[in-house]
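These notes are about the structure you will find just below.
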Amino acid sequence: MQRVNLSTVSEFVFVGLSDAPKIRLLLFVLFLLIYLATMAGNTTLLIAISTESHLHSPMYFFLSNLSLLDLLCPTITVPKMLGALLLEHKEISFSGCLFQHFSLIAVVGTEIFLLTVMAYDRYVAVCHPLRYPSIVSTKLCAQLAVGTWAVGLLNSLLHTSLVFTLSFCGPNKIQQYYCDIPPVLALSCSSTRSRELVILVVAGVLGSSACVVTVVSYIYILLEILSRNSPGIWHKAFSTCGSHLTVVCLFYGTTICTYVRPSFTYSLQQDRVVSMLYGMLTPLLNPIIYSLRNKEVKCALRRVISRVRSAL
């Protein structure tokens with residue numbers, strides 16, 4: 001049987017970070033602090049949701065899944081980046097790059113679909129409050145959560161197979177700090193046009209479908225709010241949906257700018273900044289956004305922190 005992968009490259013080298021020793025040390029400290037803060041924030045939010053009984057509702061179930069994804073996303077890329085900054089170990093094996101690529105695309109794809117599910121949950125809560133417990137049941141929550149993870153994994157499997165079955169027989173320096181689609185495609189010595197088209201179409205269809213469902217959900221929410229001439233209802237609805245809408249705008253904007261576009265528009269400096277936004281800052285900001293705009297979460301976080309302090 002003929003091998004599908006005709007690659008002669010056994011490893012890749014990351015060259016997406018500064019080579020200046022002083023800058024490297026500064027970047028190492030900065031990214032380490034961001035990573036630790038991200039881990040602490042999302043872990044605390046997960047503990048609060050799991051231990052506080054009044055947070056055992058569909059909205060917080062989906063939020064716990066989002067926190068788990070926000071723990072996984074930087075963990076896939078940041079430790080390797082920190083090692084490259086501190087130890088100058090910038091090499092990654094071909095199989096390691098494949099696994100990193102598959103894991104990251106799976107997490108990003110799952111988060112896109114999860115945010116869509118959360119928008120539908122908010123639509124039912126605002127527009128059909130009396131029927132909410134029967135519509136968004138425990139069984140449906142489990143099915144939606146499993147579905148988002150399954151679609152994210154299948155989407156990643158398709159993208160990874162399209163990219164890593166190409167031939168890599170020339171340069172092996174990735175102009176990024178992790179194995180992302182555009183910089184890896186740029187290293188292939190095969191024709192990538194047809195595969196880029198498939199990746200663009202699949203990403204565009206799935207991304208636009210998720211975006212349409214989210215937008216339509218919020219249009220119905222807005223119409224429902226406007227139809228009720230009550231400032232109290234407006235305030236409750238905006239406080240409930242505002243956090244999710246902020247996260248959606250931040251995540252969708254950076255992700256679409258990175259993946260849903262042809263490779264000839266690829267810009268090294270611009271894409272490094274954008275990838276750091278959705279790969280590091282978004283997971284850091286998500287628990288902050290949800291805790292700042294939600295009194296229940298803030299109270300739960302205070303109780304968790306006080307328990308940790310008393311234990312220490």
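Placement of Cβ uses the backbone N, Cα and C atoms for every residue, glycine included.
According to TrEMBL, the domain 'G-protein coupled receptors family 1 profile' annotation covers 41-290. Marked as transmembrane segment by TrEMBL: 25-48, 60-78, 98-120, 140-158, 197-221, 233-253, 273-292.
Confidence over the domain 'G-protein coupled receptors family 1 profile' (41-290), given as mean pLDDT on the 0 to 100 scale, stands at 84. Long-range contacts of the transmembrane segment (140-158) within its own chain (CB-CB distance under 8 A, at least 6 residues past either end) are made by residues 58, 61-62, 65, 102-103, 105-114, 117, 202, 206.
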